[in-house]
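**Student:** Before we start, here is the structure in question, set down as structure tokens.
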Amino acid sequence: MSHHTRSPIESTPIAESGPSASVGEHPNAITNRFYTYERVQDIVSFIQNIVPTKPEIAIICGSGLGGLAELITDKIVIPYVDIPHFPRSTVVGHRSNLVFGVLNGLYVVCMQGRFHPYEGYTTATCAFPVRVMRMLGAHTLIVTCAAGGVNKGYSVGDIMLIKDHLNFPNLAGNNPLIGHNDERFGPRFPPVGHAYDRQYLSKMKQIASKHSVELREGVYCGLGGPCYETIAEINMLRLLGGDAVGMSTVHEVTLAAHCGFRTLGLALITNKCLWDYDTTYEPVHEDVIRISELKANELQQLIYDFIGSVKQNPT
Ligand SMILES: O=P(O)(O)O[C@H]1O[C@H](CO)[C@@H](O)[C@H]1O
């Protein structure tokens, strides 16, 4: 008779709450078991005790783009550190505040600083504030980000309307919705083909043309980071139809689609990507922040006018 020796995995006890909490559980499933509907509701109640108004527009600020929050009037600023169970942003160019107030006539909630998977957070943790903002009452999400230009026609400083995305972590089995689905948030199998609202895309194009801003419109590729891409990776992204690349946004927009947000996405092209082996330039985060801050005013004007136009014509 052979003696069976238990391997370390076999001998690890199954967690008290049962096999669903066992060692094999996906990190996003663990996150989603933590951020239950009730817990998100508690966070929302905590915020509502401080902020008496209901936001209509939710905004997520990308790297170096947090200045948008300075335009908000009648401001109430809640540092993430004060909000129960809220993560902190650890990245240069991202602050850690939830800013409430009025922007061009509508109540807004603005994330001045976001969370990225490379900081060590699961994609579910990075995206969960989207649910908080939806449960606070917002119906429209404006997501901004800094991105590298994959499309050879793009220049540094261009603003790209995101018409669609390639969610690489998702394609590799890392979707923020992995785990138990609470239907009160949204459906088990949410469609994401129209995650970026078509009417908002045309609204923004009209606004840009009034300001004589030439907008790009393209596909954002969301990668895990924190490394910038290799030359081969950039060439692959272009082959696959990608126009810009970054390390955020896609998990947020996934949760936004799940909980019924209408989303507008804007990527600021802060750097060219490496295209061939003779190029000596390499992207650096300091350049990303510098270009974001340089172009922030233009982007802010577009967002400001967009909110005004949502106010005038909500559909
Ligand atoms: O996507 P945001 O947060 O704008 O930041 C972008 O800039 C950083 C890299 O420079 C990465 O975090 C990338 O995702």
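Glycine is treated like the rest: Cβ placed from N, Cα and C.
TrEMBL feature annotations, pasted as is:
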type	residues	note
BINDING	Ser63, His94, Arg114, Phe115, His116, Ala146, Ser248	phosphate binding site
BINDING	Glu229, Asn271	purine D-ribonucleoside binding site
DOMAIN	56-307	domain 'Nucleoside phosphorylase'
REGION	1-25	region 'Disordered'
**Student:** For a quick check of packing: other C-beta atoms within 10 Å of the C-beta of Phe115 (phosphate binding site), how many?
**Tutor:** 29
**Student:** Averaged over the domain 'Nucleoside phosphorylase' (56-307), what pLDDT does the predicted model reach?
**Tutor:** 96
**Student:** Using a Cβ cut-off of under 6 Å to any atom of ligand 1, determine which of the binding-site residues Ser63, Phe115, Glu229, Asn271 qualify.
**Tutor:** Ser63
**Student:** For Ala146 (phosphate binding site), which residues of its chain lie six or more apart in sequence with Cβ-Cβ distance below 8 Å?
**Tutor:** Gly62, Ser63, Gly64, Leu65, Gly93, Gly246, Ala267, Leu268, Thr270, Val288, Ile289, Ile291, Ser292
**Student:** Does anything in the same chain, at least 6 positions from Arg114 (phosphate binding site), have a Cβ under 8 Å from its Cβ, and if so what?
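**Tutor:** The answer is Ile60, Cys61, Gly62, Ser89, His94, Cys126, Ser248, Glu252.
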**Student:** Excluding Ser63, His94, Arg114, Phe115, His116, Ala146, Ser248, please set out which residues of the same chain place their CB within 8 Å of the center of the CB atoms of the phosphate site, keeping sequence order.
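**Tutor:** Leaving out the recorded residues gives Gly62, Ser89, Val91, Gly93, Gly113, Cys145, Met247.
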**Student:** List every residue in the same chain as Glu229 (purine D-ribonucleoside binding site), at least 6 positions away in sequence, whose Cβ is under 8 Å from its Cβ.
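**Tutor:** Correct list: Gly148, Leu223, Leu237, Val245, Cys273, Leu274.
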**Student:** Cα of His116 (phosphate binding site) to Cα of Asn271 (purine D-ribonucleoside binding site): how many Å, rounded?
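**Tutor:** So the Cα of Asn271 (purine D-ribonucleoside binding site) lies 19 Å away from that of His116 (phosphate binding site).
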**Student:** Based on DSSP, name the secondary structure state of His94 (phosphate binding site): helix, strand or coil.
**Tutor:** coil
**Student:** What residues, ordered by sequence, lie under 8 A Cβ-to-Cβ from Asn271 (purine D-ribonucleoside binding site) and sit at least six positions away in the same chain?
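**Tutor:** Sequence-distant Cβ neighbours: Gly148, Gly149, Val156, Pro283, Asp287, Val288, Ile291.
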